[in-house]
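Q: One structure, pasted below without further comment.
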Ligand SMILES: Cc1cc2nc3c(=O)[nH]c(=O)nc-3n(C[C@H](O)[C@H](O)[C@H](O)COP(=O)(O)OP(=O)(O)OC[C@H]3O[C@@H](n4cnc5c(N)ncnc54)[C@H](O)[C@@H]3O)c2cc1C
Ligand code: SF4
């Protein structure tokens, strides 16, 4: 599964990082660093939670 | 389970219907909403929606999404007026809708300032219609804006009004704003943000009377008798859970609909979002009883939990969370995770004396229970994880020390790089 970020929508809220820190990290200036393009094996649930928790609906998954 | 009814067509209601459809639930789904509008996003209403030259569209989904993708019957424009938990019916207008599972997601509504009903120039911000009205008023040549209540929404509106170069005064009844939400010291720290941007904050003042001419607000009279002229009055004195329609339903209502850990309020009836009061097990050692949040994230999550539990009660799951909310003041982002309980607040990065940037941690029961960050976007979610794992206070301080070291190393690196550039420039010259 591929992780898509709508960079226009993301405001560095960081919810995604708190749920799936191996994949998402917010930098000091509030920009999102994507540590993986694909959902790592075994982390599907965390990443799904992160997608649902993003307050700007910036994240989506593509299978 | 054949018919899921969701009452309240906003964030929690939307996430409720999306969750069960996403899981493949193939029964009938009905979403009932009092407003004419399709579900829309409220946080921008006191932020970008007021501030931006071009109005963003706050609706989450299009009509077609409900009809085609979600197969949800939308019943918009009329509030549900009664619930019968034994007959399992909800009354909407002259219609009685039967349910097998019900999600109550009727949220909260803005508290009005007594004596201002129907007055022009007086605004609250809770609904899209409220925001449309205020957006226009902020651009109609009004100069003086008085905000009653220094809470988050009032503060955001004040910040927007300042960015439009209006004169803004905030009146707050308490001696320190936001004491309940973030504690006294941090309440003072955030007040500095207002002062830094030229917004006057007057604390410990009561609004005795709202004075008006020909049905339009003119001034407010304060407890000490002074009159403060104003063109607009923005009332931000909090929200009340929307539970009036549940009178006589037999549900327990106590500042919200009281539910258990699985968000169940009665057999087949689950609650979600701003209207829900439930025991959050993560903080059972520091809170006196069930909690009610008015935060985007928990409303979205509870919507999913409540709906899944409603269609599959045998496998109902308990909901627990580290609460999270954010707020945008001027160019600053305020973020809070956890609960503002406990005996000690420690600033572990930056400086709170001038309103930030800083990070502060909250301690209770010798563990970290909360974190507040102003313009420290990389910090706050790292603490959210510690709070969620019930880590001790020592672990939180250790992480803080590690983060400070990393920041210092980064700063030294940047300095060295800058010196290098200067030296190269000098050599070239
Ligand atoms: C201006 C503003 C700014 C905010 N900013 C932030 C922020 O920065 N960060 C953050 O975390 N949170 C913020 N919030 C809070 C967040 O928006 C709420 O927590 C969230 O909207 C709650 O969703 P909900 O679905 O539970 O309730 P609501 O959004 O209140 O929706 C409830 C819906 O139910 C409908 N309804 C009520 N009674 C009935 C009835 N009897 N029958 C049918 N329908 C009914 C209402 O019309 C409403 O549409 C903000 C809220 C506001 C108003
Ligand atoms: S939660 Fe959403 S807005 Fe926040 S950093 Fe992640 S993608 Fe961006």
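Start at 1 and count along the chain as shown; that gives each residue its number.
Each residue, glycine too, has its Cβ placed from N, Cα and C.
Annotation source TrEMBL lists coiled coil at B:397-424. Per TrEMBL, the feature domain 'FAD/NAD(P)-binding' maps to B:3-303. Per TrEMBL, the feature domain 'Reductase C-terminal' maps to B:324-398.
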Q: With DSSP, how much of the domain 'Reductase C-terminal' (B:324-398) is helix, how much strand and how much coil, in residues?
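A: Helix, strand and coil residues of the domain 'Reductase C-terminal' (B:324-398) number 15 helix, 36 strand, 24 coil.
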Q: Under an 8 Å Cβ to Cβ limit, what residues of the same chain, 6 or more beyond the ends of the coiled coil (B:397-424), are close to it?
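A: For the coiled coil (B:397-424), the far contacts come to 346, 348-349, 359, 361, 379, 382-383, 386.
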Q: On the 0 to 100 scale, where does the mean pLDDT of the coiled coil (B:397-424) fall?
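A: In the predicted model, the coiled coil (B:397-424) has a mean pLDDT of 90.
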